[in-house]
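**Q** The structure that follows is given in the form of structure tokens.
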Amino acid sequence: MAISTMLGSISCCPSPKGYEMVKQHSVRLKHCVFTVKSSVPVYSEGVNDGIKLHSFGNLVKKKVFLDTSKRFYFQGRWSESSGRRVETYAGVDVASAVDVINDLGFDTLTFLMVTVIIVPAFRILKASPILGFFFAGVVLNQFGLIRNLTDVKVLSEWGILFLLFEMGLELSLARLKALAKFAFGMGLTQVLLCTAAFTAFELPPNGAIGTKILEFLFHSRPDLVNIRSIDEAVVIGAALSLSSSAFVLQLLAEKGELPTRFGSATLGILLLQDIAVVPLLVILPVLESQDIGGESIWPMLAKESAKALGGLGILSLGGKFFLRRIFEVVAETRSSEAFVALCLLTVAGTSLVTQWLGFSDTLGAFLAGALLAETNFRTQIEADIRPFRGLLLGLFFVTTGTSIDMEVLFREWPNVLSLLGGLIVIKTLIITAIGPRVGLTIQESVRVGFLLSQGGEFAFVVFSLANRLGVLPNELNKLLIIVVVLSMALTPYLNQLGRKAADFLDERLDPGEKIGEDVNFDVSESIVIIGFGQMGQVLANFLSTPLVSDSDLVGWPYIGFDLNPAVVKESRKLGFPILYGDGSRPSVLQSAGVSSPKAIMIMYKGKKRTTEAVQRLRLAFPGSPIYARAQDLPHLLELKKAGATDAILENAETSLQLGSKLLTGFGVMSDDVSFLSKVFRDSMEIQAQEEITASETNAGLKPMQMKASDINVVSAATQKQVQLMKPMQMKASDSNSDSAAEILQETAGLSQPPEIDDSSVNIDNGFVGKADKAQD
């Protein structure tokens, strides 16, 4: 087995793992002989027992042998021009691969133990587990519990790749086009303005404004954060303009806000920032090079960017035509192992290709997800990668916490806090100012500004490269990394602060002036529809028909509210009475003239947003019925507890409607189909009430069994219906003689329903309660 080691790691002090201390036998030797040269000595075990030594600098005499303890010994003589001689011996222990594996195994066990403790604890505290992982990284690093940090960091970066891949899977082509507006209209402007602002703050060189402020406030050393050149200022400014995709996207996913316009704007900006890393990585070597003289860097930058964009386009087209076909072929084998392996290969392969093109690997992972977003395999792919994504992303947050140099933090904490505050304030103000120009409300702009005001993980890449090329001094590099890491840790709190600021602005602004005066009827007791998307418009049309009201009016009077200006504008063109504003806030409803709504229909899709709206409106209007959309049974129970009068399991009603059409197509009478649908809906409400009473949130379905005993005379249509519904077992053993007559009456179209066993009713989906009449 070939064995190699870098002797440059050896120093005349306690050595790293796997090496002994260099032994000096002469006080006349000023430096360790084996680290004077930058060349890397390499040992390799040959065919025989002999060992060859390469690139060993100025050694005149070389002698190497291998003993039975698998330890390399070497002896060298170094002759100086003065004729002095020194002789040095060193022993190097070869770190075996087993040691590396053991270290990774120990680190893995440590991380899994931390995950088991942190995630439940922070869920109980109702805090984001991201913070728990971050502080765990700080603690583990301080106590030296992570043995192989370099390899762990490499492994943790896969978590970001899986996160971006999953985000790509959630995007359709239409949503990608919508994101382009935010990416280029808002993201590009944000990167340019933030870079310019931070650069101006760091100029002029050797006397920057920021340096003078820190000296005045905290008496900091002039050389601590002093900028030496314009190039250095541009690099720092551009790196600080980036935000953290990993922290922000994970937070939005936890809150269920990715599908919202606020989430789309945030995602669009983050995608543009990923693309912006490319010119940064191209410019840095150019800035460091001393050979370009007065030549412009723009031709080189344009050339590299064009090459990268062309390669990205080829990758997109190739993936569109070949990637889907590959998944089809593997899926036909029905091998779960091969399918999971293909998912991992797709993420890794596209990431490597985009890295080779000059883009970030995360952009490649996102692109792969977007290419598979509209295939039939999306659901299975998400299910397969979710465990990998969750654990590896947690590992990334742990390794982020290990990046803090605690010695520098404690020594320079006033400067750290000042730089941290300046970073958050400048980015928040710039992003908030840009938002309304691309169609966001001031409230949404404030939220996006706070959420993206932290630094990003790509700043580590830029700072590291700049430091390695000599563009950024080491002390300033450590300080900036601390600032970026702390800002990333504050992301959950920045999100909460942005939400509170948006709420404050929403209450301070006069909603009556915002939403206009286009409603020409009394809305004080009208039905309120909150969220006027497609479902809201269908409901509005349903309420407008004369058949739903026995008065002289054309249907029931209603008023709609929506925060999307485009939706409001288009709906008004179609004649809908809709106002601009957040209808989930009582102050907005009261300003619009709604004092005692006849009913409130909440058409939001997000779970958390819907529940919060129900809670606020129930407190403000205790006598008004409130109806809402539930995503699943636990959400329905949560809405009921929050004060909703009734709720709809929207996905289940679709299943019931499709099932009804299926049975009708099989020839089942429409009355029988309607009866069956009613049984399901009523049984769902019964179990929901039982779940609420028992305070349970079990989303599973109980097997539904209908009992009908001693049926001696049943119509032909009923017999046919029973034959078609094999999953519903009809029992005829446990009922009295009246049951047959009741079933016969219902089959003949009478109103008396049959008895059903409440304890065995299957309820997963469908309308609950009185909302079954409001079909979407």
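Every residue, even glycine, has its Cβ placed from backbone N, Cα and C.
According to Swiss-Prot:
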TRANSIT   1-72  transit peptide
TOPO_DOM  73-93  topological domain 'Lumenal, thylakoid'
TRANSMEM  94-114  transmembrane segment
TRANSMEM  116-136  transmembrane segment
TOPO_DOM  137-153  topological domain 'Lumenal, thylakoid'
TRANSMEM  154-174  transmembrane segment
TOPO_DOM  175-181  topological domain 'Stromal'
TRANSMEM  182-202  transmembrane segment
TOPO_DOM  203-232  topological domain 'Lumenal, thylakoid'
TRANSMEM  233-253  transmembrane segment
TOPO_DOM  254-266  topological domain 'Stromal'
TRANSMEM  267-287  transmembrane segment
TOPO_DOM  288-296  topological domain 'Lumenal, thylakoid'
TRANSMEM  297-317  transmembrane segment
TOPO_DOM  318-338  topological domain 'Stromal'
TRANSMEM  339-359  transmembrane segment
TOPO_DOM  360-389  topological domain 'Lumenal, thylakoid'
TRANSMEM  390-410  transmembrane segment
TOPO_DOM  411-415  topological domain 'Stromal'
TRANSMEM  416-436  transmembrane segment
TOPO_DOM  437-445  topological domain 'Lumenal, thylakoid'
TRANSMEM  469-489  transmembrane segment
TOPO_DOM  490-526  topological domain 'Lumenal, thylakoid'
DOMAIN    524-649  domain 'RCK N-terminal'
TRANSMEM  527-547  transmembrane segment
TOPO_DOM  548-776  topological domain 'Stromal'
REGION    728-776  region 'Disordered'
**Q** Return yes if the transmembrane segment (116-136) and the transmembrane segment (390-410) have at least 3 CB pairs under 8 Å (sequence gap of 6 or more), otherwise no.
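**A** Per Cβ check, the transmembrane segment (116-136) touches the transmembrane segment (390-410).
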**Q** Taking a Cβ cut-off under 8 Å, which residues six or more beyond the ends of the transmembrane segment (416-436) line up next to it in the same chain?
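**A** Same-chain contacts beyond the flanks: 186, 189-190, 193-194, 197-198, 201, 210, 213-214, 217-218, 225, 240-241, 243, 265, 269, 409, 442, 444-446, 448-450, 452-455, 479-480, 482-483, 486-487, 490, 494.
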**Q** For the transmembrane segment (390-410), give me same-chain residues lying six or more residues beyond its boundaries with a C-beta closer than 8 angstroms to one of its C-beta atoms, as numbers and ranges.
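**A** Counting only partners 6 or more residues beyond its ends, the transmembrane segment (390-410) has Cβ contacts under 8 Å with 111, 114-115, 119, 129-130, 133-142, 146, 149, 152-153, 155-160, 162-163, 246-247, 250, 416, 457, 460, 475, 478-479, 481-482, 485-486, 488-489.
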**Q** Give me the DSSP three-state residue breakdown of the topological domain 'Lumenal, thylakoid' (137-153), ordered helix, strand, coil.
**A** 11 helix, 0 strand, 6 coil
**Q** Write out how many residues of the topological domain 'Stromal' (254-266) are helix, how many strand and how many coil, based on DSSP.
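**A** Final tally across the stretch: 8 helix, 0 strand, 5 coil.
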**Q** When you scan the chain for residues with a C-beta under 8 Å from the topological domain 'Lumenal, thylakoid' (360-389), skipping those not six or more beyond its ends, what do you find?
**A** 157-173, 176, 245, 271, 274-275, 277-278, 312, 315-316, 319-320, 323-324, 327, 331, 339-340, 343-344, 346-347, 349-354, 458
